[in-house]
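So that you can see what the record holds, here are the features copied from TrEMBL:
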{"type": "DOMAIN", "residues": "A:96-277", "note": "domain 'Phosphatase 2A Regulatory Subunit A helical'"}
{"type": "REPEAT", "residues": "A:19-57", "note": "repeat 'HEAT'"}
{"type": "REPEAT", "residues": "A:96-134", "note": "repeat 'HEAT'"}
{"type": "REPEAT", "residues": "A:173-211", "note": "repeat 'HEAT'"}
{"type": "REPEAT", "residues": "A:212-250", "note": "repeat 'HEAT'"}
{"type": "REPEAT", "residues": "A:251-289", "note": "repeat 'HEAT'"}
{"type": "REPEAT", "residues": "A:290-327", "note": "repeat 'HEAT'"}
{"type": "REPEAT", "residues": "A:333-371", "note": "repeat 'HEAT'"}
{"type": "REPEAT", "residues": "A:372-410", "note": "repeat 'HEAT'"}
{"type": "REPEAT", "residues": "A:411-449", "note": "repeat 'HEAT'"}
{"type": "REPEAT", "residues": "A:528-566", "note": "repeat 'HEAT'"}
Amino acid sequence: PCCAIGPPGGADGDDSLYPIAVLIDELRNEDVQLRLNSIKKLSTIALALGVERTRTELLPFLTDTIYDEDEVLLALAEQLGNFTMLVGGPEYVHCLLPPLESLATVEETVVRDKAVESLRKISQEHSPVDLEVHFEPLVKRLASGDWFTSRTSACGLFSVCYPRVSSTVKAEIRQHFRTLCSDDTPMVRRAAASKLGEFAKVLELDYVKSDIISLFTALASDEQDSVRLLAVEACVSIATLLPQEDLETLVMPTLRQAAEDKSWRVRYMVADKFSELQKAVGPEITKNDLVPAFQNLLKDCEAEVRAAAANKVKEFCENLPEDNREQIIMTHILPCVKELVSDTNQHVKSALASVIMGLSTILGKDNTIEHLLPLFLAQLKDECPEVRLNIISNLDCVNEVIGIRQLSQSLLPAIVELAEDAKWRVRLAIIEYMPLLAGQLGVEFFDEKLNTLCMAWLIDHVYAIREAATCNLMKLVEKFGADWAQNTIVPKVLGMANDPNYLHRMTTLFCINALSDVCGRDITTKQMLPVVLKMSEDQVANVRFNVAKSLQKIGPVLEKITLQNQVKPVLDKLATDKDMDVKYFAHEALSGECLPYEYKKLQWSSMLCVLVYARPQLLDSS
Amino acid sequence: MAGVASGNDFQWCFSQVKGAIDEDVAEADIISTVEFNYSGELLATGDKGGRVVIFQHEQESKNRPHLRGEYNVYSTFQSHEPEFDYLKSLEIEEKINKIRWLQQQNAAHFLLSTNDKTIKLWKISERDKRAEGYNLKDEDGRLRDPFRITSLRVPVLMPMDLMVEASPRRIFANAHTYHINSISVNSDHETYLSADDLRINLWHLEITDRSFNIVDIKPANMEELTEVITAAECHPHQCNVFVYSSSKGTIRLCDMRAGALCDRHSKFFEEPEDPSSRSFFSEIISSISDVKFSHSGRYMMTRDYLSVKVWDLNMENRPVETYQVHEYLRSKLCSLYENDCIFDKFECCWNGSDSAIMTGSYNNFFRMFDRNTRRDITLEASRESSKPRATLKPRKVSTGGKRKKDEISVDSLDFNKKILHTAWHPKDNVIAVAATNNLYIFQDKIN
């Protein structure tokens with residue numbers, strides 16, 4: 001809009017310049033937030049300055065602004081990736097290289113990575129000539145920089161320029177990459193190892209065989225295990241590129257060595273990448289090599305490795321060649337799995353529990369009943385709640401194959417125990433699975449065995465549990481219908497309105513908030529509303545203002561006439577309450593439009609999924 | 001090159017002394033750690049007041065070609081502040097327990113500093129340009145009329161006086177229940193370990209919200225506690241190896257390849273006790289106060305109260321070399337126990353080529369041992385001999401019998417003047433010796 005910048009001639013100012021002037025000045029504001037805002041609007045500034053001034057003034061200034069806070073530099077690195085048109089199109093895109101080059105050498109990894117990402121992006125906008133004249137020299141400078149920060153950044157740039165340069169330059173690029181693979185600092189070797197696969201993909205097959213394989217072998221036997229473990233990842237890409245007949249000689253010796261590495265971290269990496277490796281090397285090698293390797297990983301002496309391998313059991317079995325899948329699983333894998341069920345380490349057991357149910361679809365009904373069912377039952381009795389939870393959360397797989405009845409006898413005690421676990425987060429997790437269980441087990445079983453549990457949670461002493469219990473009721477009603485609600489849960493919920501504990505009385509209100517919508521107008525008007533209205537006379541102010549809030553929430557479900565005749569008089573009365581909070585919420589309810597009710601989905605269960613690694617210490621970020 | 005030198009190769013001479021001359025020493029000014037960076041160009045000290053002072057090596061001046069150039073203050077900053085843990089009703093001192101430099105990764109320098117509880121990563125960087133030119137104000141800072149802006153100005157960078165900034169980059173907190181005694185950067189350049197009395201944690205330098213506990217020697221019942229961790233260090237080249245020393249005089253070497261938890265060690269270094277010299281104090285004086293790998297990674301050195309020992313990593317049952325630091329104190333242990341000196345934690349260091357070692361003693365004496373010639377020397381850090389280029393005279397402590405001229409008797413040693421922290425330049429014969437609130441820098445005199 002304001003492209004025609006520059007003195008218009010007359011002395012009169014151009015007021016459209018003012019906002020841009022502010023943005024430019026704020027590039028140097030003391031407040032980081034303002035600097036950040038300005039950087040995020042860099043394109044506006046560039047547009048106002050025009051392509052020429054952007055190139056000659058703005059970019060030189062930005063090139064030297066690498067003193068700033070990380071978040072500002074990060075934003076800058078990102079912006080510059082989309083700046084091609086603002087400097088005059090592909091013809092001038094190389095002007096963006098100097099600022100990105102200086103950003104690619106800062107110590108903060110996120111900034112450096114973002115700068116490399118932007119460099120990769122704009123490399124595509126260089127003409128082949130510019131790529132050789134401007135971009136490739138930059139890559140060379142970074143690759144031979146004094147500090148390892150610049151050399152690590154270089155590693156990510158080889159693969160984008162390689163395909164588009166002449167064969168002489170290609171040879172140079174290969175040489176640079178080779179040098180970085182044997183750099184003195186492990187940081188650079190790690191960066192090179194992590195880009196090895198990507199680089200291999202753009203190389204001619206002959207060079208993959210001659211150059212990449214030797215680099216791969218060297219990195220995979222690096223003295224530092226932090227480098228070796230990254231070579232495992234490269235192994236996947238390299239194996240995908242090579243013809244099947246070369247795999248045995250070029251890749252397998254290294255892979256075998258990695259699977260038996262002295263360092264548990266390398267073996268962990270192999271276990272973690274096992275499915276990818278399996279796909280990359282194909283069915284024959286899998287049968288002959290990977291099956292025994294996988295068995296070893298499942299029996300590894302380090303629990304972290306066993307846990308990683310246990311996590312892959314289902315995927316590994318699924319991807320086995322179909323012709324003798326069942327036989328391999330039954331004779332080679334299942335015996336290891338059986339041992340893991342009684343592993344000494346609970347992370348291993350719970351990793352296994354999260355996938356083991358998936359085996360039933362692969363093995364079919366008979367095998368499941370004969371071999372897997374005893375394992376499931378043992379795990380349902382495991383001392384570690386996480387193991388039991390993981391089994392329960394995956395019940396649907398078994399249900400499809402053998403039906404849940406087989407398990408229900410063992411299931412019930414397990415559920416009851418979890419429901420009464422001393423740790424509230426365990427109780428919370430099982431509540432989350434209730435709707436799923438109810439669906440699997442059916443309404444009869446539920447009414448008979450589980451309904452009491454669900455009601456008991458409503459009076460749990462932890463608020464988060466009571467809140468989750470309310471939400472659970474709503475989901476159950478969605479599943480079983482309003483009629484079921486009217487007979488089983490509504491009377492009990494409403495009964496709590498007379499509880500001597502005000503917290504329980506409030507739970508009634510919270511339940512009504514959650515249920516009115518799914519129960520429908522009839523139940524809400526006839527059964528719930530009278531209770532709510534009566535509670536407006538409660539002696540505890542917290543209850544009274546929650547009445548006001550509830551009335552606002554259930555309003556949309558009610559008929560206009562009910563609102564007018566029953567709800568409004570009560571709210572009017574509450575609006576003159578002696579307690580100011582009650583007054584406030586009554587006014588809110590009276591003035592507010594009756595908004596459609598939205599229930600926030602609970603996210604608590606995500607807290608249980610915190611990565612388990614060694615003895616984790618999650619630290620307070622105070 | 002012989003490091004110790006008393007005689008034909010070279011002599012140590014005074015170069016500089018930093019810190020106030022006052023007899024009255026403020027507690028906060030007492031130096032608590034000294035550390036050269038990898039190139040030796042920078043030298044950092046930490047003190048009990050939570051400050052870090054960084055000295056930079058100035059290029060030799062043409063006027064005084066005989067000196068290698070001096071260390072001058074480059075940057076000073078407050079690294080830690082006193083804190084109070086309200087949950088445990090504990091005061092957390094600001095005293096800097098350790099400083100460790102990171103390998104240089106760009107023009108800036110980085111170091112880790114720690115007090116008892118919290119480790120911080122600091123960036124020390126230079127700035128020599130300043131942006132000039134605003135749109136909305138003129139050079140004097142007066143605001144311009146926003147409606148009279150006729151053109152846009154892009155700021156221009158102009159040279160300015162060099163400014164050195166220290167900024168905290170990361171804070172690693174809340175992981176230690178006990179007092180942190182060591183931090184050590186791993187040779188993989190991405191992790192480091194921190195040790196307190198009972199546990200060792202492994203951190204990633206870029207992650208502050210979690211650390212991995214790799215060693216835990218806390219017994220289930222604290223009444224069964226017999227041993228604490230006194231120091232820990234990563235191997236200089238093998239990223240999977242670290243050692244930690246204990247109050248029982250033993251050192252454990254762990255291999256992180258073996259398992260995620262290193263509760264079980266791979267090697268256990270212990271010298272069998274000589275039953276004839278057993279006494280009430282044996283256990284206290286055998287406690288190791290410092291452990292350092294040689295630059296080569298082949299050896300490690302440990303300091304206990306009376307001696308320094310060099311161990312070959314391939315031999316666990318006894319040290320390959322043992323040097324007595326101040327054997328004459330053996331008869332004084334009782335009084336050293338009474339005045340708590342026996343619990344002093346002396347550190348030790350290697351020279352750049354691992355051929356000599358240095359450690360401190362009392363009366364502002366420090367000791368050097370040449371590993372090849374087995375020669376040793378006692379030197380003193382004192383104001384008296386602090387004339388430029390003054391050669392340091394070897395000191396001798398008389399041990400019973402008649403005191404010879406130039407000797408000092410054991411009874412007249414000043415136990416309040418102790419040298420706990422010393423550092424040796426990674427390449428040159430330049431040493432930094434912390435004596436209470438003063439930092440002495442000595443170097444070899446080229447004849």
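Cβ from N, Cα, C; glycine included.
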Subject >> For the repeat 'HEAT' (A:528-566), sequence-distant contacts whose Cβ falls under 8 Å of one of its Cβ atoms, 6 or more beyond its ends >> reply: 490, 494, 497, 502, 505-506, 508-510, 512-513, 515-517, 519-521, 573-574, 577, 579, 581-582, 584-586, 588-589, 592, 594-597
**OP:** Mind looking up the mean pLDDT for the repeat 'HEAT' (A:96-134) in the predicted model?
**Re:** 95
Original post:
Are there residues at least 6 beyond the ends of the repeat 'HEAT' (A:372-410) whose Cβ is under 8 Å from a Cβ of it, and what are they?
Top reply: 337-338, 341-342, 346, 349-350, 352-361, 363-365, 417-418, 421, 423, 426, 429-430, 433, 436-437, 440-441, 445, 608
Subject >> Outside the repeat 'HEAT' (A:290-327), six or more residues from its ends: residues with CB under 8 Å to it >> reply: 256, 259-260, 264, 267-268, 270-272, 274-275, 277-279, 281, 283, 333, 336-337, 339-340, 343-345, 347-348, 351-352, 354-356, 358-359, 362-363, 367, 612-614
